[in-house]
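S.K.: The following block contains the structure, expressed as structure tokens.
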Amino acid sequence: MDATILGFLLLDALQNGVIYGLLAVAMVLVFAVTRVILVPIGELMMFAPLSLVWLQGGKLPGTLGLALALGALWALLERGRGRGLPLLGGVGLLLLFLLARGSPALAYPAAIFLVVYLGVASYRVFFQPLREATVLAYLIMAVGLHVAYQGLGLVFFGPEQYRPEPLLSGEVLAGLSWQGVLVLLFALLAVGGLYLFFRLSLFGKALLAAAENRLGARLCGIRPEEAGMVAFAIASLLAALAGLLLAPLINAAYFMGFMLGLKGFVAAILGGLLSYPVAFLGALLVGLFESFTSFYASAYKEALVFLLLVPALFFQSLRARAVEE
Amino acid sequence: MRYGWFLLLLLPFLLAPFPFYLTLLNFFALSGLVALSLYVLTGLAGMTSFAQAAFMGMGAYATALLTVKAGLSPWFGLAAGLALSLLLALVLGGLTVRLKGHFLPLSTIAWQVALYILAGNLVGLTGGHTGLTDLPPLVLLGFPLDNAFRYGLLSLLVLVLAVLALHNLRFSRLGRALLALRGDALAAASFGVDPAALRLKAFLLAGAMAGLAGFLYAHFLRFVNPTPFSLEASIKYLVMAVAGGVGTIPGVLLGAALFTGLEDWLKDLLPLLLGRQGNYETIAYGLVLAGILLLAPQGLFPLLARFLPRKEGSLPRAEPLPLPAPSGARGEVVLEAQGLRKAFGGLLAVNGVFFALRRGEILALIGPNGAGKSTTFNLLTGAIPPDGGRVFLFGKEITGLPPHRIHPLGLGRTFQHPHLFPELSVLENAALGTYARTRAGFSRVLLGLHGEEEARALATAYRALKRVGLEGLALEPAARLTAGQQRLLEIARLLASGAEVLLLDEPAAGLRAGEKRELARLLKALAREGYTVLIVDHDMDLIMGLADRVVVMNYGEKIAEGTPEEVQRNPLVRAAYLGEAA
């Protein structure tokens, strides 16, 4: 291995690592606030660029129908004024999509809005009614949604891979495209933005409080349902943006989100599903590990990543007590 | 009654003219076996696995490699397959059973995906996606099982035996312990259940069952490739189990039957509807799973079971387990705390507490809210480890031991909020107490050789229920009990355990005046018999009339000790309780 290859591998590791990192942070956030392990985050991530490609081709994607159907269920589940949000959101989404068919500039916000709306509606329809369910029930539900959304992705977009136009074309230097730089910048911005959101805004603090102690937060007037919706909205937003930026680099397809999400998990588990910075660092480690295993044993790189779980789980196991009250 | 399951073996004869349905029948039996493995994991132990198909793959590939590549007998393949699945379960489970509940299922997803990729990519070993072909048929008693009819007899026989074995497991000390662990690990551990070890064993059993299913699958199709061992397949089995009702054996089999039929139908129908080939049935799985979890979280079978005649249980008549009467000199020290200390962050909850509990006495631990009573209690029982100080039980140091190691030495506890298992009967709740006094392990239980011990355990529990006056409710679900009856049931469970040192955490909370008098009478009688009681409570009337000695705590420290009269006169105690100037 020479310096050039090493450079390529490191850049590759960094680019993938920050994406896993964003997914891991989103998963830790959703888990902390709602106890849901967001397995379908990968599907949400892929729905963004695939819907974008459809819109740019002047077609309405099937995901729009899915989002509107779940939005309708969401509205049915709400009472009174609570229906305003899903109904207004649904109408807005539909209008945005109809307009975006003709104007490519609107296609990006439309795709992002779609994924956020879908994410929040999924929470409201599938997770919130389970309310005091066990983590296990949430997890089974999340895995169910993952397979359903993945199957629907196949129905909506077919098995082909698509490559949307990058926002910035060309290369900064060999191995690093401007789009790649954009991915890194976005990751930095997102992490910084989340930090400021949680530190400075009252809403961010309320969300952290809800994550820390649900009952206590409720006693302070923070509605856990609302906190859950916001957590899902943030996670979907991160997934959508990451998906849109990454798609030109990896050629998006309906099945690709799952592996990306799963590596985000590995990173989140490295952080014990608790710590944001450790999860992000874990994601960079996953990226690095993957990059180097793909150089030495490319056929197995997807499998070898999961080996990282062994030491992570082992160390956490040493610290844990089997019984908790 | 339960031998009625053998009627399933008639199905191949009924379906003999329809080869297609015979094949489906085999698939049902094999799916049923995997779904049963999830009954053990999810229904009993409250864990789950998204890797059951990977365990099947272990069983299938092991036998395929040994028979095709090495030309060995399939029975070697079976042994190797079971060994491999057990090994996988040991690694996966060993790493995660001590962690919080979600780490195990999450890591099973990851390992499932990894193993699937390996099966597809290790082309030299596994044949990649083309797989391995021409597995020999199984030969049983000289008959080659080379058609779906003969094979169906075998696969259904295995299924029925598995059902009977798991039925034995459910109605055994291990089944109770697993259910208890699912509901409340601390309560289970307080009666001698080692949570991590028992979870691991359940995981091993489930892995071996799936491995066996994989072995049968491989020799039925006589061909293996990675597809049936994918994450989608694992999820399919979970959908089966959850949809049918993962908490009951008939439920998971119902789910397996429904989905084996449905899958075939969906695979034909959906591509036709959508005009393209693809794994569209996953959409249906996902949505069915979501729908079941939302609308009927217990699954379909409990809905049907309402229309089935309810089986009446019977009261135990066997000889109870020998009750070791408390022995030893009255007044000798049985439990001793020396300088116990525990801090939660900056809060010093317990700071240097000393006291000794003497045989045959009732010692009360009292103090205002936040005085550190409950923490002291948890330190004594091993629920939380102390930061400093030592605890001795019968002269043996137990500092820092987990609850499941402390209980068998003769210490039992009740909980401030009763930790019962509402879906179990009152009798079974009490029988959990006998866990540490009974021995039957997994192999004995699965083979059904634990009957005598089980009958005696139930009889012991029944005797304990009589002692507290709950025998009339023995067969009712514990969910029907009033708050006061729940407290009594906790005490019955404690008596069934044979522990001599009884630690009672607010046993009178929520009791009516009459019930409190009953409780006091019971505790006094127990103390006379040589049991030793440590009681934490707020009810001063009860404590002052009941306790021989009182230890008073405030702000984590012991401020007084003595007879009820002495502590009532103590100015420090009066200050702590009434705010009088000391």
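Any Cβ shown, glycine's included, is placed from N, Cα and C.
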S.K.: For the transmembrane segment entry in TrEMBL, name the matching range from A:177-198, A:265-286.
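M.R.: Here TrEMBL associates transmembrane segment with the stretch A:177-198.
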S.K.: Within the same chain, where does the transmembrane segment (A:227-246) have neighbours whose Cβ lies under 8 angstroms from its own Cβ atoms, ignoring anything closer than 6 residues to its ends? I mean 6 or more beyond.
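M.R.: Tertiary neighbours of the transmembrane segment (A:227-246) are 19, 22-23, 25-27, 29-30, 32-34, 36, 38, 41-42, 44-49, 52, 108, 111-112, 114-116, 118-120, 122-124, 127-128, 164, 167, 179, 182-183, 186-187, 190, 194, 203, 206-207, 210-211, 217, 252, 257.
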S.K.: Of the stretches A:58-77, A:135-157, A:303-320, which racks up the most C-beta pairs under 8 Å with the transmembrane segment (A:106-123)?
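M.R.: Maximum Cβ contact count belongs to A:58-77.
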S.K.: For the transmembrane segment (A:58-77), give me same-chain residues lying six or more residues beyond its boundaries with a C-beta closer than 8 angstroms to one of its C-beta atoms, as numbers and ranges.
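M.R.: Apart from its flanks, the transmembrane segment (A:58-77) reaches 47, 50-51, 83, 86-87, 89-90, 93-94, 97, 101-102, 114, 117-118, 120-122, 124-125, 128-129, 152, 155-157.
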